[in-house]
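For 132-151, 182-203, 215-235, 247-266, 273-295, 307-326, 338-359, the entry in TrEMBL reads transmembrane segment. According to TrEMBL, the feature domain 'Peptidase S54 rhomboid' maps to 178-327. Sequence annotations record features per position, and here TrEMBL assigns active site, nucleophile to S246. TrEMBL lists H311 with the feature active site.
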Amino acid sequence: MDRSSLLQLIQEQLDPENTGFIGADTFTGLVHSHELPLDPAKLDMLVALAQSNERGQVCYQELVDLISSKRSSSFKRAIANGQRALPRDGLLDEPGLGVYKRFVRYVAYEILPREVDRHWYFYRHRSCPPPVFMASVTLAQIIVFLCYGARLNKWVLQTYHPEYMKSPLVYHPGHRARAWRFLTYMFMHVGLEQLGFNALLQLMIGVPLEMVHGLLRISLLYLAGVLAGSLTVSITDMRAPVVGGSGGVYALCSAHLANVVMNWAGMRCPYKLLRMVLALVCMSSEVGRAVWLRFSPPLPASGPQPSFMAHLAGAVVGVSMGLTILRSYEERLRDQCGWWVVLLAYGTFLLFAIFWNIFAYDLLGAHIPPPP
């Protein structure tokens, strides 16, 4: 039975007078008597919705949203109010799972802070479409690095090679008019150490986030961090170029770490304190390495080395925009006031950065290095 037929049957048999409410016990009996295909997690949530209502009823629209896999803010509040009716058994107790479903369960516990959301994700997850965005970006970065490494015959500190900055992908202040460079610099890297660090985080954190929150949201967050990184450098470090995907990587990592901290009690990932400390140490070390290369280059260079400000800008995007996205699992962002506030702030920053790049360099008499 398809979704529309199921909803029509429910309305005809359970709400013939169009009151707008349906008894949860009656609906559960209908599901079992007709062997209707409904995920166990959705039945659990139906009980929670009924528990949040004084008469043990479910609003018909909430039921439609449940079956249609749409979750509004009011839906989330109702689930939270009735959560005491949910079963206490966690996904860790699920027997007989295959390798892929065990990986899906692992992702649920790594990313989501509440058992009800973990159940929802586990039963709704489909392997198609796969998390192609983060995998594609990482593969493209590796291919570009291998091509330039073979061409320059240099695999570490590639930015010190005089031909490196001539790439059409690198952001250079002398080429600000070539707008694509504000994004394409993410495919270039200083060396094997930066590429390895970014690729590892993109696969370990970015892929699970994309599996849970979807391609559109995670790609938006990643690209917003990349764009904010280059624009921030053009404002705060006007003479420096930018390479590497650190703006996007730090947006993802900061959003995930902030989400873990804000939902510390609910997160069930093992060794979370140790992993949090390790992640912060690694991210801080990478920023320190970038600062060292920017101000104390170990080799003679023909111009300023890449800036570290993209890392910090990505972290800010992650804590603001990213945290809003991650806290809105399966909810419509457009229905949330906080999302529009974040978009307004980001849009204001974009407009300011655009005008800065058009007028400030000439007004301030900035001495930028000649473009390669």
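Placement of Cβ uses the backbone N, Cα and C atoms for every residue, glycine included.
Panel annotation: around the transmembrane segment (247-266), residues 111, 113-115, 137, 186, 198, 201-202, 205-206, 209, 218, 221-230, 272, 276, 279-280, 283, 310-319, 321-323, 325-327 of the same chain, lying at least six beyond its termini, place a Cβ under 8 Å from a Cβ of the stretch. Most Cβ pairs within less than 8 Å of the transmembrane segment (215-235), among stretches 182-203, 273-295, 338-359, belong to 338-359. Using a 10 Å radius centred on the Cβ of the residue listed as 'active site' and all shown protein chains, the other Cβ atoms total 23. For the domain 'Peptidase S54 rhomboid' (178-327), the mean pLDDT of the prediction comes to 92. The transmembrane segment (182-203) shares more Cβ pairs under 8 Å with 132-151 than with any other stretch in the list 132-151, 273-295, 338-359. Counting residues 6+ beyond its ends, the transmembrane segment (338-359) has Cβ neighbours under 8 Å at 176, 224, 227-228, 231-232, 234-235, 317, 320-321, 324, 328 in the same chain.
Secondary structure by DSSP for the domain 'Peptidase S54 rhomboid' (178-327): 110 helix, 1 strand, 39 coil.
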